[in-house]
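Chemist: Feature table excerpt (Swiss-Prot):
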type	residues	note
REGION	801-821	region 'Disordered'
REPEAT	372-406	repeat 'PPR 1'
REPEAT	407-441	repeat 'PPR 2'
REPEAT	442-476	repeat 'PPR 3'
REPEAT	477-511	repeat 'PPR 4'
REPEAT	512-542	repeat 'PPR 5'
REPEAT	544-574	repeat 'PPR 6'
REPEAT	578-612	repeat 'PPR 7'
TRANSIT	1-74	transit peptide
Amino acid sequence: MVVSKVNKSLLSSVFKSRIRPTGESSIASGNKDIAGTSQAVKDLLSSKNSSSDLEEASLQDRVSKLLHVTTSDKSSLEKNLFLKIPSFTTKIPYDISLRTKELSRERKERRVYKQNGLSRRFAKIFRDSAQKLGTEAMFGAFDRVAKEMSVTEYNAMIGVYLEHAEKSNDLDYALGHIEKAFELLKSMRDRGFLIEERVYGPLLGYLIGMDMVDEFHSFKDVIREASPGSVERLGYYEMLLWIHLGDGEKIEELCSTIDGDNGESLSVLQENYLLALCKKDQKYHLERLLEIVDITKVRSSDLLANIFEYLGRFSLDSVASRFLWELRESDEGVKNVSDLISIYSTCTPNPTVEDTILKFNKMHEELDVMPSSTSYEKLVKYSCDSNEVVTALDVVEKMGEAGLMISADILHSLLHAIDEVLEFDLVRRIHSIMCTKSVKPNTENFRSIIRLCTRIKDFEGAYNMLGNLKNFNLEPNSSMFNCILAGYFREKNVSSALMVVKQMKEAGVKPDSITFGYLINNCTQEDAITKYYEEMKQAGVQATKRIYMSLIDAYAASGKFEKAKQVLVDPDVPAINQNELKSVLISALASRGKWADALHIYEEMRKAECHVDPKSIISLIEYSDSKGELSTLVQLADDLQDDTSWIDGFFRMILFAVRNKKSSDIVDLLKRNKVRLLKKGIPVEAHFDEVFWAIAETEPSKVHLGMDLLRFMKDELGFVPSRKCLDFLLHACVNAKDLEHGLLVWKEYQSAAFPCNVLSFLRMYQVLLAAGDSEGAKALVSKIPKDDKDVQHIIEESQSAFSQAPNKKKPKKKMIVLSTK
């Protein structure tokens, strides 16, 4: 049955329990003319009414003004609405806590408008309109022009309906939006529009996840009527439905249609049934079906890949080998053997990369087939995803030796992996690979190589790559020069950076907004900032958000704080960027001594309920005045919503308290936030290491605070203190000449099951010397191995620094700081 207001109560109770909310995404964009937009929607989006006029009018009048509808026209227009869709509530009920990140990520990947630029653009427009007018007004407005909507607009609107349903934890609200999406599908059918899988797939996936069987079939019927060619693909979703519900009888009914004894190829519908079974690892049903299916009759390459992924996940070597031999002996199947070997070998659970490569090579040898470029590409990507970049480079070099083409995608995987593992020196091997004839790079590959060369300060290599472009019939672009420009600025080599700009012009490459952003951001004089900004305008380069950010940073760095503030009032600055630019201004002012001004801007934004970048709030905490109130920083930390930002800001506030003699409330603050500190996935232990380091370097040492924190970690949080924590605390005992607490810390090493290494012995030795226990120090030092010259040196320096000289004026003691690494 179709979801409607009269039958909502008939839905299964499972639906209500499965409503999964998420956070609201704020996407805003300008309303420019877009190809494929119906004239009615264009007229709606091109309204010239000012925001002030709209604010003064009622919600109903605001929508009427946008649509250019007079009061007298409303009643007649409303009678002729094409879609009879109930109005929305103005605000969306959200509850973030009940929806997992994994499900959110999975649904984002299925988003209707993700694969189509126009649909994505329209979705932004719909969201932006809802944000400004309210959802009720926005959907009512677009409802008025529904008769003239294009396919692209239908698709985008369906996507927004689904998104709102997914985000809500309100049953009626979610059902209402699914009903509206259904009405749009019916409208598309009635107008003769095809409904594509990228539109109906996420809708059916949502219904499957909510156990809505009747609704699933209603949607499926409309889709089949609108797009008869989708019948076979709808079988895939039907199989997913029964798998999700665990209905073995229905699954078996569909499986019974798959017969491999007739010698004919599988139908498209049968292949879709098999594909769903493989996707969901239905081992019981697949075990029987794969015995009767003729693998050489499978026409879908996607199904073949999924079959071998399934076989790899369950390590079904004998079945995989049989299928590969059958394909090897067939005229068409032999073309796929190498690719299927790579899929199978890389899907085997828990192997090392080395084992995977051995299996890859062995299977190719047994089947007497040569590895293909695409199979090597899969192997390279697998190695890169496993962070085995050196191994991936070895594979690529073998490809070159075999004369196989090294594609731009392979180079991209390598370059991305090098960036991820921070082994920038490996770019030199990429450079040597590029010298072979079997490489087909693109401009993005060159840009990445040039950027990595600058990271290792190999500017000569970066310029060599620019020279190599002509060997591949490629032209240099501004992004390549910008990488070199950024590298020189990073090295504070301004003269060479300016030379890059000159070289760009000589090469016929026009500087872009990023180029001017780098130039402005690295200016230290107001006149230079003005010069580059004027040059940018004369060159016809449009000022972007990044340019305005660079202006703010540059003016603040040159001490022109009022100029930095004036950037925000520039009439050319889009209103949509105001909050981001204010956040940048807060960070720029706070980091350059204008903390009070930064705090004032933040408080104004907070009162206006504007979004502030968490990094800006953290900057306020980090650069706060040492004479400031701790309560202000506590409030700032509390304002941080997401856990990652909060933990960063909270512990920066704790560090401020330790370093500025405001530590009396630290333990209370920790206890107050105990629940949040215990949240899974928050790296609390590493932050405690920093706090103990601050305690160790503070004069006078706050050993009592350190011991209180140690007890809190153990008793309240259930943490085992790290070795670093104990090392820093023991060092604090040295500074405080506190033998009593030093001995307690020494016992903590044993409680935490940390073996006392040489560094631990040396620190305890220093505690004994500093506290004047020469006998204890002598006994302990006898147990320290003295084979290492550095250890001998530290012992001698410690004896000198802590020796007693009662008849002479004591010089300031030199501290021997030991590494905690």
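A Cβ is built for glycine as well, from the same backbone N, Cα and C atoms used for every other residue.
Could you tell me the structural context for the features on the list?
Modeler: Long-range contacts of the repeat 'PPR 1' (372-406) within its own chain (CB-CB distance under 8 A, at least 6 residues past either end) are made by residues 338-339, 341-343, 345-346, 353-354, 356-357, 360, 413-414, 416-418, 420-421, 423, 426, 429-430, 433, 436, 438-440.
Same-chain residues lying 6 or more positions outside the repeat 'PPR 2' (407-441) and placing a CB less than 8 Å from one of its CB atoms are 373, 376-377, 380-381, 384-385, 387, 389-390, 392-393, 396-397, 399-400, 448-449, 452-453, 455-456, 458, 461, 464-465, 468, 472, 474.
Counting residues 6+ beyond its ends, the repeat 'PPR 3' (442-476) has Cβ neighbours under 8 Å at 408, 411-412, 415-416, 418-419, 424-425, 427-428, 430-431, 434, 483-484, 486-488, 490-491, 496, 507, 509 in the same chain.
Listed as Cβ neighbours of the repeat 'PPR 4' (477-511) (distance under 8 Å, sequence separation of 6 or more from its ends, same chain) are residues 443, 446-447, 450-451, 453-455, 457, 459, 462-463, 465-466, 518-519, 521-522, 536, 539, 541.
Mean pLDDT, taken over the repeat 'PPR 5' (512-542), works out to 94 on the 0 to 100 scale.
Taking Cβ pairs closer than 8 Å, the repeat 'PPR 6' (544-574) reaches residues 30, 513-514, 516-518, 520-526, 529, 533, 536, 580-582, 584-585, 588-589, 592, 594, 597 in its own chain, all 6 or more past its ends.
Residues 26, 545, 548-549, 552-553, 556-557, 559, 561, 564-565, 567-568, 619-620, 622-625, 628, 632, 636, 639 of the same chain sit 6 or more residues outside the repeat 'PPR 7' (578-612) yet have a Cβ under 8 Å from a Cβ within it.
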Chemist: Helix, strand, coil residue numbers for the repeat 'PPR 3' (442-476) per DSSP?
Modeler: 27 helix, 0 strand, 8 coil
